[in-house]
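Student: My questions all concern the structure below.
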Amino acid sequence: MQVSIACTEHNLKSRNGEERLISKQNAAAPNVVNAARAKFRTVAIIARSLGTFTPQHHISLKESTAKQTGMKYRNLGKSGLRVSCLGLGTWVTFGGQISDEVAEQLMTIAYESGVNLFDTAEVYAAGKAEVILGNILKKKGWRRSSLVITTKLYWGGKAETERGLSRKHIIEGLRASLQRLQLEYVDVVFANRPDNNTPMEEIVRAMTHVINQGMAMYWGTSRWSAMEIMEAYSVARQFNLIPPVCEQAEYHLFQREKVEVQLPELYHKIGVGAMTWSPLACGIISGKYGNGVPESSRAALKCYQWLKEKIISEEGRKQQTKLKDLSPIAERLGCTLPQLAVAWCLRNEGVSSVLLGSSNPEQLIENLGAIQVLPKMTSHIVNEIDNILGNKPYSKKDYRS
């Protein structure tokens, strides 16, 4: 900001003589004309100062980097909300896999590393994840204006009226989430599933209502199809309502189609960005399943039988083989395989933020280190990874070209 002002002042000084000359020439002109010319000169001066300032100092309006932490910040879709490109999620961990003390350690490490995005949902640990997150925020006393807190609505309770995306549940569910979080508002409220039982207009009107009431700043979608997101946008435009700004989508080395083909088209057409989750594919990419399923792992839990079956399947074994082939690339870049996988997600310019899920401080610190790997993700490295994976999706435009 100081540099910008200095540049503006410099241009103003250089034009002092010209302005005096113009003022003398127009002394007899009507006041309206003088005011119009003065306004034009002011706009021209500002435009000129901005024009010289931007290329000289290489300002990026899309991405900025914190000097102290090295964390990068991007716009959430085409909204003005700036989010850290790495966020901390609370699924499985908060209120379940880890203690409250470890949860506080993780949030502290994340915040001190420049993370400003913390994501949760009403369904996580039956609301306990929101309670723990809220308790930690209150204890730490971090400035609310420095944080981006997001939550998701759909599965609220056992009653029919306590789930879905009806106007009733969106309003009551968000109010309950705010009570658990001990917050006046969340920055983004997500519709955690599409709801075929509720008209799209009702959903969009309810989301617009909670934003207008100050309960949320923005709203987004999670696990919605491109067609459903487009319908929500169309309804918002038709009735002068607020459209979604972001879609939460699963994205990792083995799940690419939606984020790399479908969402970019939505971003360019209607400004919807991508906040991605599970960059390590529920731990599959961490490397701990290379020789089977350890008893202490998530896949060994009864409620994660589906994950165990996925790992020991034929496709799962093929994925482990590909991960072993990727290891030399990670070694060459001086990073771990998880860091390579997270950096690979971040190299996608259409991704606003990648949500990390960690069960211990060491794991979180390792994953946050992906920021240092990001500059090394050259087109050559990305192509090398694509050749090993063999699953790069192609859009209709790619086929036509």
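Positions of Cβ are set from backbone N, Cα and C atoms, glycine also.
I grabbed these lines from Swiss-Prot:
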- 90-91, Gln97, Asp119, Asn192, 222-223, Gln248, 277-282, Lys288, Arg298, Gly357, Ser359, Gln363, 366-367: NADP(+) binding site (BINDING)
- Tyr124: active site, proton donor/acceptor (ACT_SITE)
Student: Taking the Cα atoms as reference points, how far is Ala281 (NADP(+) binding site) from the residue listed as 'active site, proton donor/acceptor' in Å?
Tutor: 18
Student: I'm trying to understand the geometry here, so how far is the Cα atom of Arg298 (NADP(+) binding site) from the Cα atom of the residue listed as 'active site, proton donor/acceptor', in Å to the nearest whole number?
Tutor: 16
Student: Can you count the other CB atoms that lie within 10 A of the CB of Ala281 (NADP(+) binding site)?
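Tutor: Around the Cβ of Ala281 (NADP(+) binding site), 21 other Cβ atoms lie within 10 Å.
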Student: Whole-number Å only: compute the distance from the Cα of Ser278 (NADP(+) binding site) to the Cα of Tyr124 (active site, proton donor/acceptor).
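Tutor: That comes out at 15 Å between the alpha carbons.
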Student: Determine the most Cβ-crowded residue among the binding-site residues Thr90, Ser278, Gln363, using a 10 Å radius around each Cβ and all protein chains in the structure.
Tutor: Thr90
Student: So how many other Cβ atoms are close to the residue listed as 'active site, proton donor/acceptor', meaning within 10 Å of its Cβ?
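Tutor: A 10 Å sphere around the Cβ of the residue listed as 'active site, proton donor/acceptor' contains 24 other Cβ atoms.
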Student: Reduced to three states, what secondary structure does DSSP give the residue listed as 'active site, proton donor/acceptor'?
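Tutor: In the DSSP reduction, the residue listed as 'active site, proton donor/acceptor' maps to helix.
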Student: Identify which of the binding-site residues Arg223, Arg298 has its Cβ surrounded by the largest number of other Cβ atoms within 10 Å, counting every protein chain shown.
Tutor: Arg298
Student: Tell me, how many other CB atoms lie within 10 A of the CB of Asp119 (NADP(+) binding site), whichever protein chain they belong to?
Tutor: 27
Student: Name the secondary structure element type, per DSSP in three states, that contains Ala281 (NADP(+) binding site).
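Tutor: DSSP assigns Ala281 (NADP(+) binding site) to coil.
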Student: Through the lens of DSSP with three states only, how would you label Arg223 (NADP(+) binding site)?
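Tutor: Note: Arg223 (NADP(+) binding site) is coil by DSSP, not helix or strand.
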